[in-house]
Amino acid sequence: MSLMDVLRQQDPDLAQAIDSEAERQRHGIELIASENYVSSAVLAAQGSVLTNKYAEGYPRKRYYGGCEFVDVAEDLAIKRAKQLFGAEHVNVQPHSGAQANMAVQLATLEHGDRVLGMSLAHGGHLTHGHPLNFSGKSYEIHGYGVDRETEQIDYEEVAEIAHKTQPKMIICGASAYPRNINFDLLRTIADNVGAILMADIAHIAGLVAAGLHPSPIGVAQYVTTTTHKTLRGPRGGMIMCSAEHGKNIDKTVFPGVQGGPLMHVIAAKAVAFGEALQPEYRDYMRRVVENAKVLAEALTNEGLRIVSGGTDNHLLLVDLTPVNATGKDAEKALDHAGITVNKNAIPFDPKPPMTASGLRFGTPAATTRGFGPNEMRQIAVWVGQIVRELGNKSLQAKIAGEVRELCAAFPVPGQPEYV
């Protein structure tokens, strides 16, 4: 009897929700840029007996007994992350990317310090200074963005704002930016004003690990990331820095912002890092980028405008203004057709965020499933048809059937029960 069989017997209501989600994943196309499918091995580690163990502290420096085996799991995660990214010091305990960012900020800043981060409206992240987030409430935030014409980061503007505001920290990285980030130039800008540079690579960590995006390791003083998204691990966070900053980071994570680490999640992180160290992982990331470029070109052929004119990484932003559609309406219509994306503001968007003029697409999950350029072109055709006729329910139903047929040829990894 499988664990899911046990759950179906004991808690059928919850089991039904999980079974329904598995079915949704199996029969639909996942194009949310921050999502991916983990392997059976990652699922096995995260669902293991390590979930029973409390382990406050760090390997061989715990506040509880009986930690000799969870120490092995954390040591493996740290060792593999160091090897994967070339970092001197790694903390794998943050429960999320947001908590990793919080820990770095608390370790280096005082309340009210000035911080320069990429505006959320231009592709940044909540934890980079949004007024509703802890970062925006704790520090004096100044924002930078993209050039109105190129829709790429305006590094001259970043330098000008930094010179004017004299921030203690500059944060780079993004949640909806399709171009490479020049970490070396940002470090120069930071050095010129005496600022710390923190790089949040949550979205592009897999590309960095595979050598397909410039690495901020050894450039930024602090690098944070999530462990899911392009890394295909469990949902969690991680901090990388030089050895000299390691002790301060560790004591800020614990006991500063967290108590007991999630040892089952850390074990799953170790599994994912081990998978990312394999030669086939780089090929996977290469195909992710190729698929994103093909999808961008194919959507352009459907009459849609791609923000910044294309993509260098795993995601792209589509401006729906040429087809008189909103991101909110397009997301809903595509969802009815079995294609999952998210509405997203575009730079200088006149519409409110919950309506938005754009859609964000990402190729990591579909590529994990085995989709290639031909499937990307077919997806673009479906997207074009749907956004031009948002109210056409029969068209959405027809495409949903075609999507289901396509997905049947590409089983979802990590779901042997449901294949």
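Placement of Cβ uses the backbone N, Cα and C atoms for every residue, glycine included.
Feature annotations, courtesy of Swiss-Prot:
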BINDING   Leu120, Gly124, His125, Leu126  (6S)-5,6,7,8-tetrahydrofolate binding site
MOD_RES   Lys229  N6-(pyridoxal phosphate)lysine
SITE      His228  site 'Plays an important role in substrate specificity'
C-alpha spacing of His228 (site 'Plays an important role in substrate specificity') relative to Leu120 ((6S)-5,6,7,8-tetrahydrofolate binding site), in angstrom: 21
Inter-residue Cα distance where the pair is His228 (site 'Plays an important role in substrate specificity') and His125 ((6S)-5,6,7,8-tetrahydrofolate binding site), in Å: 16
Number of Cβ atoms other than its own within 10 Å, given for His228 (site 'Plays an important role in substrate specificity'): 25
Largest tally of Cβ atoms lying within 10 Å of a Cβ, found at which of the recorded positions His125, Lys229: Lys229
Leu120 ((6S)-5,6,7,8-tetrahydrofolate binding site) - helix vs strand vs coil (DSSP): helix
Cα separation, Leu126 ((6S)-5,6,7,8-tetrahydrofolate binding site) to His228 (site 'Plays an important role in substrate specificity') (Å, whole number): 18
Binding-site residues compared (Leu120, Leu126) - highest count of Cβ atoms within 10 Å: Leu120
His125 ((6S)-5,6,7,8-tetrahydrofolate binding site) in three-state DSSP notation: coil
Residue pair Gly124 ((6S)-5,6,7,8-tetrahydrofolate binding site), Lys229 (N6-(pyridoxal phosphate)lysine) - Cα distance, angstrom, rounded: 16
Leu126 ((6S)-5,6,7,8-tetrahydrofolate binding site) versus Lys229 (N6-(pyridoxal phosphate)lysine) - Cα distance in angstrom: 17
